[in-house]
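Shown next, in structure tokens, is the structure this report addresses.
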């Protein structure tokens with residue numbers, strides 16, 4: 001659905017897209033019905049298409065902004081006049097310019113920028129006066145076509161002026177550029193950037209997931225994120241500015257953003273105390289969250305400076321200690337492992353299986369009775385046998401010799 005009844009502006013401000021019930025807050029104010037989207041910023045819109053203006057004041061918990069000032073020396077005489085108390089007539093005294101509010105809470109004479117001749121120079125001249133001109137303060141309207149200027153007044157005395165702006169109506173890069181062109185990068189510029197960088201963006205990096213098994217957003221672009229990590233020009237601007245600020249300032253921006261955007265994926269580390277699994281794992285855990293809690297060790301998510309510092313001092317034995325403390329706590333060891341930056345499987349002993357009984361050996365086949373070897377002859381018997389054989393041999397040789405002798409004697 002596209003809103004088409006929005007007051008006509010430059011073409012770059014249209015169209016606005018309606019997103020029903022998508023985001024819970026606008027700069028910390030409750031939102032109702034629909035939101036209008038322009039340049040990936042959400043604004044409250046009623047269901048009939050009219051923009052809802054933020055109420056005055058700040059709801060509970062919302063940081064009260066410092067006034068935003070711009071000052072300079074007026075050159076415009078656009079809102080000019082001649083004092084009505086002086087007429088062009090002889091012997092008239094010079095009437096003063098009227099008075100306008102000043103920055104001290106009082107009034108100062110308007111700027112007497114020249115003189116107007118009376119009676120062709122024969123009567124006393126009249127002062128030419130100019131009031132503070134709001135055009136001197138013009139930095140353009142905001143995303144909802146609202147003028148952020150609250151008032152212009154003389155800065156003590158004319159022609160010095162001071163402008164006061166509504167911080168929540170300065171929310172475009174174009175406004176900031178015009179402000180810097182008039183004032184440079186002063187304290188008010190830092191206040192503007194603080195508020196500007198707390199606005200959500202929808203041009204976001206890939207969500208690495210928080211480690212949950214049912215995290216269906218993992219690997220997809222975040223639907224919403226802080227401008228401190230967004231991928232648009234506003235994100236680039238915020239990161240460049242943040243690099244010039246102290247840790248406390250940037251920590252406050254991150255915490256303020258996550259306070260009013262609790263469902264923003266990049267707040268999973270900062271809003272970790274709202275996760276019951278984190279609370280369970282934190283019990284008896286002496287280690288810094290930046291070491292063991294996965295959302296706080298993921299580079300894409302918002303992290304405060306203490307978490308960033310913790311990541312540099314993580315003990316090597318951390319996972320073993322966490323396991324030892326929680327080894328009987330299934331909520332930590334089994335249900336919460338996806339949030340803890342540890343592989344507990346290396347510490348969990350293997351579960352013993354059922355007793356398998358004796359392992360059967362190979363089939364031995366048919367049983368063959370053993371063959372008993374013949375008994376070795378008695379050594380004494382062998383010795384006697386050898387003597388007998390020797391005796392028989394000697395006797396045989398003697399018989400042969402006798403027979404030979406007998407045969408020889410007969411032949412002779």
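Each position is counted from 1, following the chain as shown.
Even glycines carry a Cβ here, placed using N, Cα and C.
According to Swiss-Prot, the N-linked glycosylation site annotation covers 171 (among others), on the basis of sequence analysis. The Cβ neighbour count for residue 171 (N-linked glycosylation site), using a 10 Å radius over every protein chain in view, is 23. Secondary structure from DSSP puts residue 171 (N-linked glycosylation site) in coil.
The feature N-linked glycosylation site is assigned by Swiss-Prot to 186 (among others). In sequence order, the list of same-chain residues 6 or more apart from residue 186 (N-linked glycosylation site) whose Cβ falls under 8 Å from its Cβ is empty.
If you look up Swiss-Prot, you'll see 247 (among others) marked as N-linked glycosylation site. Annotation note: residue 247 (N-linked glycosylation site) sits in a helical segment as assigned by DSSP.
Sequence annotations record features per position, and here Swiss-Prot assigns N-linked glycosylation site to 271 (among others). In sequence order, 258, 262 constitute the residues six or more apart from residue 271 (N-linked glycosylation site) in its chain with CB-CB distances below 8 Å. Residue 271 (N-linked glycosylation site) falls outside any helix or strand according to DSSP and counts as coil.
Taken from Swiss-Prot, the feature transmembrane segment covers 387-407.
Counting only same-chain residues at least 6 apart in sequence, those with a Cβ under 8 Å from the Cβ of residue 247 (N-linked glycosylation site) are 304, 305.
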